[in-house]
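According to Swiss-Prot, the protein carries these features:
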type     : residues : note
COMPBIAS : 15-29    : compositional bias 'Polar residues'
COMPBIAS : 50-59    : compositional bias 'Acidic residues'
CARBOHYD : Asn297   : N-linked glycosylation site
REGION   : 14-62    : region 'Disordered'
TOPO_DOM : 1-119    : topological domain 'Cytoplasmic'
TOPO_DOM : 141-162  : topological domain 'Lumenal'
TOPO_DOM : 184-200  : topological domain 'Cytoplasmic'
TOPO_DOM : 222-227  : topological domain 'Lumenal'
TOPO_DOM : 249-256  : topological domain 'Cytoplasmic'
TOPO_DOM : 278-306  : topological domain 'Lumenal'
TRANSMEM : 120-140  : transmembrane segment
TRANSMEM : 163-183  : transmembrane segment
TRANSMEM : 201-221  : transmembrane segment
TRANSMEM : 228-248  : transmembrane segment
TRANSMEM : 257-277  : transmembrane segment
Amino acid sequence: MAAVDDLQFEEFGNAATSLTANPDATTVNIEDPGETPKHQSGSPRGSGREEDDELLGNDDSDKTELLAGQKKSSPFWTFEYYQTFFDVDTYQVFDRIKGSLLPIPGKNFVRLYIRSNPDLYGPFWICATLVFAIAISGNLSNFLIHLGEKTYRYVPEFRKVSIAATTIYAYAWLVPLALWGFLMWRNSKVMNIVSYSFLEIVCVYGYSLFIYIPTAILWIIPQKAVRWILVMIALGISGSVLAMTFWPAVREDNRRVALATIVTIVLLHMLLSVGCLAYFFDAPEMDHLPTTTATPNQTVAAAKSS
């Protein structure tokens, strides 16, 4: 049985003094939790992976995505299932709109703004606002072009609202659907680093159309040069958002396939903007010419001269 003296605790005031007295004693170093160990075992990260993280903006997206995956999903036939697609606040919507207007080179729009919570609230109302902006601005533009003509009578063209709605919503849903199917097909052939869901692609396309709302309002200016400059600015901003977002999803594919995909995305976006400008704003110069009626005296004079 151990002696009583062996069970007594001894208080060590100075570790250095104790080590001097017992040089062969075993020491244990407990590091402070806030300090980073100087030496860590493990292989360093490759430069390629660091490039992917920098391009995709992977700061805290893994944690957010993990927490988002823990949410319980309701059946698709219930109202709660679709309610989750509109579960965003004003700050998130404004932040995503700002991201679509100020694209950051080398950063991914999905990873920075959408990945944690893709929504349909922003894309739905952006498309609705764009529809009315194009239709109303197109009517006002036609009115200003013919303003001052005695024979011109303004008639509102309400059919432009339905045409604009069909065009905008078809583009905002059918093009993402086709792109999502294409990416899924290519992902089965080539293991890509990045994959997007259908809702994420719809979200990207919806927010990328926001720049066309102020552009459509400024298209009222009856100057073709100004209109085309506005088209190029809007196309450059929104097209760069789409290109930088979807390039990481196709860059591991065949080089020609990747470039053809990005070029197709930009060309379809250009076709939408140019088509809207040409149809809704570039009206014919004169749809009707002033008609003149001949008086009886003029008819008699013409008969005598012949």
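Yeah, the Cβs are placed from backbone N, Cα and C, and that goes for glycine too.
For the topological domain 'Lumenal' (222-227), the model's pLDDT averages out at 90. Same-chain neighbours of the transmembrane segment (228-248): 52, 55-56, 99-101, 103, 105-110, 179, 183, 193-194, 196, 204-205, 207-209, 211-212, 215, 218-219, 258, 261-262, 265-266, 269-270, 273-274, 277, counting only residues six or more beyond its ends whose CB sits under 8 Å from a CB of the stretch.
Within its own chain, the topological domain 'Lumenal' (222-227) has Cβ neighbours under 8 Å at 141, 144-145, 277, 281-282, counting only residues six or more beyond its boundaries. Remote same-chain residues near the topological domain 'Cytoplasmic' (184-200) are listed as 52, 56, 85, 108, 110, 114-115, 118, 120, 176-177, 246, 248-250, 252-254, 257 (criterion: CB distance under 8 Å, separation of at least six residues from the stretch ends). Note on the topological domain 'Lumenal' (222-227): DSSP counts are 4 helix, 0 strand, 2 coil.
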